[in-house]
Amino acid sequence: MKRTIIMMLDSFGVGASADAASFGDVGSDTFGHIAKACAEGKADIGREGPLKLPNLARLGLGHAAMESTGAFAPGFGDNVELIGAYGHAQELSSGKDTPSGHWEMAGVPVLFEWGYFSEHQNSFPKELTDKILARAGLDGFLGNCHASGTTILEELGEEHMRSGKPIFYTSADSVFQIACHEETFGLDNLYRLCEITREELEPYNIGRVIARPFDGTGPSDFARTGNRKDYSLEPPAKTVLDKLKEAGGEVVSVGKIADIYAYCGITKKVKANGLEALFDATLAEVKSAGDNTIVFTNFVDFDSHYGHRRDVAGYAKGLEYFDARLPEMLALLGEDDLLILTADHGCDPTWQGTDHTREYVPVLAFGAGLKAGSLGRRKSFADIGQSIASHFKLEPMAYGESFL
């Protein structure tokens, strides 16, 4: 029985990539800087001491990062019995955003330029927002700027609840984000507003519209809920997910995977929110998955809760939780199963600002006859998609080289 399990640690980069200068990210290193902060006692909130990831280390994380940066991260070294194949991958796509990383790892790099709202204030064209408001029957909106999703709730959440005006904001990514209170504005109303916005954005080539529902009564307790929804463009070509589905296989999305691929190539969607629930759901799906199945999980908390919020201790604690549960996953794997752990970009919690960082990502692979050892530097995330195509004996992808 052949299956592939992809555990995507959203934003878990392993060092600045060769083209990081083009993104202002030279010196960024999500994994390395977290390990350094832990070793120096600077990440002892909710946890303490050096970063402890023994299971990821056995799968080759420390070695993959060493090959990426030229040095082992603090607390990691050669004194580990490797069981997995490890490498690090360069992104071929033009951006450091979520859709680009995900589509590329499924065999379809983004070789065009996304549209962006680059102005930090008055970010959106009036012509665009006028059309959105008219179609939605709204008399105004708040925000219209680059912002941290949590900060903008503190600043504008109460005014939003009083006025009923949605909060529009963006970032360095190709994204249009809309924050609304689940009770006073309504979740269905927010989703409908996002659908309208997605349609009106067609000429702008924006990668995603994101619904950002929140609850609470004031700045001290406003919090995003688990009902986020992404409205992505469809990938520009068939991914390996599409090809497996067309061949009669199953593709199970856990978390936000289905949204990122605009449901293309997905046969089942499982909703889960938070690291624990995402891990539980992944294990449950692997237990029930049959032959020719991909189980694909995005562990979004690493990015949304820790990377963007520049929470080093939280990121470290999350990694240690994930690592402690990995043996549960390994115990479920059959001889012909392929387990892949990777990331879609970096989001160094020690870096300036709140945006993603252009980094190499780890490629940790286990099973399917792979021998423990180095896979080297992969020229594209698409090597993952090509390897999955090879694993299932599908038609080769146009991009990528298999490491199987």
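These residue numbers are counts, starting from 1, taken along the chain as shown.
Including glycine, each Cβ sits where the backbone N, Cα and C put it.
From the candidate list Asp10, Asp19, the residue Swiss-Prot records in the Mn(2+) 1 site shared with Asp344, His345 is Asp10. According to Swiss-Prot, the residue from His356, His391 that belongs to the Mn(2+) 2 site alongside Asp303, His308 is His356. Nearest in space to His356 (Mn(2+) 2 binding site), taking C-alpha to C-alpha distance over the binding-site residues Asp10, Asp344, His345, is His345. A Cα-Cα distance of 11 Å separates His308 (Mn(2+) 2 binding site) from Asp10 (Mn(2+) 1 binding site). In this view, His345 (Mn(2+) 1 binding site) is surrounded by 31 other Cβ atoms within 10 Å of its Cβ, with every protein chain counted. Taking the mean position of the Cβ atoms of Asp303, His308, His356 as the Mn(2+) 2 site, the remaining same-chain residues with a Cβ inside 8 Å of that point are Asp10, Ser11, Ser304, Gly307, His345, Cys347, Thr354, Asp355. A gap of 5 Å separates the Cα atoms of Asp10 (Mn(2+) 1 binding site) and Asp303 (Mn(2+) 2 binding site). Between the alpha carbons (Cα) of Asp344 (Mn(2+) 1 binding site) and Asp303 (Mn(2+) 2 binding site) lies a span of roughly 10 Å.
Annotated Mn(2+) 1 site Asp10, Asp344, His345; additional same-chain residues within 8 Å of its Cβ mean position, judged by their own Cβ, are Met8, Leu9, Ser11, Phe12, Thr98, Gly101, His102, Asp303, Ala343, Gly346, Cys347, His356, Val361.
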